[in-house]
Amino acid sequence: MTSKIKSSNTLLTFDANEVTNIKLVWDIEELKNKDKEDKAHIKDEEEDEDGPVSFHPSFSHQIFNDEQVQGYEACKIDIYMGAGSLTSYIDTNYTLQSKNLTNVEGELLKVFSKQDPPISKQSFYKFIEEKEKSFKPIGKKIHEYTITDKESGEETEYEVYFGRITDQAVFRYHEKLQIFVLWYIDGSSYIWTDDPNWDIFFIFEKRIIDGEKRYGITGYSTIYNFYHHPEQTRARISQYLILPPYQRMGHGKYLFNSIHQYYKTNDGFYGPVYDVTIEDPADDFNLLRNYVDLKNIIDEKLFDNVILDLNANNKSVFEEIRKKLLVPHKQSKVCLEIYLFSKFLATPNSNPKYKEFRIAIKKRLYKQNIGDSEQIEKMKQQVAQENEDNLRLEQEELQELQDIENKKNGTNIKVAINTKELTTPSEPEKSKEEIEKDRLEEIIQLYKDLEENYHKTLSSLNLITK
């Protein structure tokens, strides 16, 4: 490695997220400026705008145990990647040859692209200088948009591209890109790319450097195509990520709308797309989804004929929304909840209609959350009973075999039964009243959280004052 860091005899432990720096490099000048900073001993957090964009991962537990790196010297992990090509170079002093306990380089190589693994520093510098500028976005361009910086007024152009995993260029590029989901989506895993049902949408930033167009990755989403009878496709968003330097800028809504717009006019794997669903969305993604879906519904005036009652039959309205916007019925109901909530904001809590509205939502939350937990508890009890029955059966069979041996030998030996006692709760069992009270408190908290999220969505849509 190029840097020399003083070692000690004391075992040190480092937070893997804090010591890892991911750097997106657009141009060789950024690397030259970085080298000057290194010589001047300037720390990463003191970098000026002339160096590469640098940021830390949010998660690393799928790469390093407990998100920790252990060794006998200060840990350095700098991961350089071409902003567009994602060609990479790992600069770390925790290698297989070092005496440190964690082989950082080895662990990272396990999760990086196998077709395009990290290269040496010399090769990386040469690639950035000679080839990075020739990188072109992968797939088919389907949309473009401009974002204006609120402070400087500077406009930046972005382009959205679509590709299928069966396209070898898309497959290979995704293999280099997918490491970001381990760093930024908790509990994520790599998709099974041998399955042809995967679609991928990419966002690229466009810059002009030395009079030439340059492109850098901004974010992406993976979509799985499910079969929907008859001869239709149900598109499910699986992974959805905007890279840290581009977050809180509005890219999420542009990508979300681009996905829906594409599938409205293009077939999925099995035929026309029936709707677009989400796989296990996080809270932040739900906020984005609710904002975009409700805005589109209002812009298309699709709630103009809706019955303002959660208990009413609005199936025909929801079906029209699905056909025009590819929003599933269930999500349309959520949007209706938010829309109705805006109508009751200036209404006293004692208002009968508002009271009915709150009760209807709490009933849904109860069924959605408590109902599921009751089912899980029943399943746990069934499994425990099955295990107990199986254990008893094994013990009986064992005793029968021993009885046969006893008769042969004229002895009377009893098998030492290895009974497995059921674990008793450490606390006294709660009464039905106490259990129900806990459940109601849970629902009340869920409702409060829901109200807060609905407020955020309505504020974003300027339907209420922040």
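Residue numbering: from 1, along the chain as shown.
Each residue, glycine too, has its Cβ placed from N, Cα and C.
Here is what Swiss-Prot records for this protein:
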{"type": "DOMAIN", "residues": "169-366", "note": "domain 'N-acetyltransferase'"}
{"type": "SITE", "residues": "Trp198", "note": "site 'Interaction with histone H4 N-terminus'"}
{"type": "BINDING", "residues": "Tyr240, Leu241, Ile242, Gln247, Arg248, Met249, Gly250, His251, Gly252, Lys253", "note": "acetyl-CoA binding site"}
{"type": "ACT_SITE", "residues": "Glu279", "note": "active site, proton donor/acceptor"}
{"type": "COILED", "residues": "372-459", "note": "coiled coil"}
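Sequence-distant neighbours of Trp198 (site 'Interaction with histone H4 N-terminus'): residues of the same chain at least 6 apart with a C-beta under 8 Å from its C-beta are Arg164, Ile165, Ile191, Thr222, Ile223, Tyr224, Asn225. When Cβ atoms from all protein chains are considered, those within 10 Å of Glu279 (active site, proton donor/acceptor) total 12, not counting its own. Sitting within 8 Å of the Cβ centre of Tyr240, Leu241, Ile242, Gln247, Arg248, Met249, Gly250, His251, Gly252, Lys253, and not among those site residues for acetyl-CoA, are the Cβ atoms of Gly219, Tyr246, Tyr254, Leu255, Leu288. Around Tyr240 (acetyl-CoA binding site), taking its Cβ as the centre, 24 other Cβ atoms fall within 10 Å, counting all chains. The separation of the residue listed as 'active site, proton donor/acceptor' from Ile242 (acetyl-CoA binding site), Cα to Cα, is 17 Å. Each residue contributes its Cα atom, and for the residue listed as 'active site, proton donor/acceptor' and Arg248 (acetyl-CoA binding site) these two points are 22 Å apart.
Neighbour counts of Cβ atoms within 10 Å were taken for the binding-site residues Gly250, Gly252; the minimum is at Gly250.
The number of other Cβ atoms within 10 Å of the Cβ belonging to Ile242 (acetyl-CoA binding site), over all protein chains shown, comes to 21.
Mean per-residue pLDDT, taken over the coiled coil (372-459), amounts to 68.
According to its DSSP assignment, Ile242 (acetyl-CoA binding site) is in a strand. When the Cα positions of Tyr240, Leu241, Ile242, Gln247, Arg248, Met249, Gly250, His251, Gly252, Lys253 are compared pair by pair, the longest gap among these acetyl-CoA-binding residues is 15 Å.
Within 10 Å of the C-beta of Arg248 (acetyl-CoA binding site) we count 8 further C-beta atoms, all protein chains included.
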